[in-house]
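Listed features, source TrEMBL:
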BINDING   TRP66, TYR73, ARG74, TYR75, ASP128, ARG154  substrate binding site
DOMAIN    106-207  domain 'Fe2OG dioxygenase'
BINDING   ASN113, TYR114, TYR115, ARG198, PHE199, ASN200, LEU201, THR202, LEU203, ARG204  2-oxoglutarate binding site
BINDING   HIS124, ASP126, HIS180  Fe cation binding site
Amino acid sequence: MTASSGALDVAAGALWFREALDRQAQAALVADIRAVLAEAPLFTPAMPRTAKPFSVRMSNCGPLGWVSDASGYRYQTFHPDTRRPWPPLPAALLALWERYSGFPAPPEACLINYYGPDARMSLHQDRDEADFTAPVLSVSLGDTALFRIGGEERSGPTRSLRLASGDIFLLSGPSRLAFHGIDRILAGTSTLLPEGGRFNLTLRRVTTA
Ligand SMILES: O=C(O)CCC(=O)C(=O)O
Ligand SMILES: [Mn+2]
């Protein structure tokens, strides 16, 4: 298949694959993520300079992981608390990248976000990577999220989408640097996670291929 077959074109290069993963595939991914988190527990990132804590908790797998603390945003090879290397990328995530990314080189990082019922993520661009020709591939698991997406200008128009469990979203091409964020989580909309809330996984290239 081509990268865009079956996708809803939200904007040029912003591709929404609704219900890409069935319940069994979602549950298998959750098991993979729980195994990662047993080695690399969720941590609470903080804003650069102000050190204000994020409402989203995070971890990573793959050779590199994204972290944020008072000294800034960056990718690094190890967990900020345990100092141990990030666990490897599960095979199922590598397979999703191969199927949906349209990019020849494998992902180097998977950022794992966990949103409790009150977590949100303000409007931002993903721009800590060296190569914007590679897409960012996002997988949603658990409660539905109100996702906001605009263009390359922070002040430009935005639209709001409901990302549900099993949806895949690709920020690629002209939308690779689109502003986006999570306004809120719709608690109780999924039974996938017994504890409630939402995992979002984003697969990224970090270096130039
Ligand atoms: O949770 C989401 O769907 C988006 C996450 C995101 O934008 C990020 O981690 O950079
Ligand atoms: Mn992002």
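Using the three backbone atoms N, Cα and C, a Cβ is placed for every residue, glycine included.
Sorting the domain 'Fe2OG dioxygenase' (106-207) by DSSP state (H, G, I as helix; E, B as strand; all else coil) yields 3 helix, 45 strand, 54 coil. Other residues of the chain with a Cβ within 8 Å of the Cβ centroid of HIS124, ASP126, HIS180, the Fe cation site, are LEU123, GLN125, ARG127, LEU171, ALA178, PHE179, GLY181.
HIS124 (Fe cation binding site) is 15 Å away from ARG74 (substrate binding site) when you measure Cα to Cα.
Within 10 Å of HIS124 (Fe cation binding site), judged by CA to CA distance, lie the following binding-site residues from the set ASN113, TYR115, ARG154: ARG154. With every protein chain in view, the residue among the binding-site residues LEU201, LEU203 whose Cβ has the most Cβ partners within 10 Å turns out to be LEU203.
Separation of the C-alpha atoms of ASN113 (2-oxoglutarate binding site) and ASP126 (Fe cation binding site): 14 Å, rounded to the nearest whole number. When the Cα of TYR115 (2-oxoglutarate binding site) is compared against those of the binding-site residues TYR73, ASP126, HIS180, the shortest separation belongs to HIS180.
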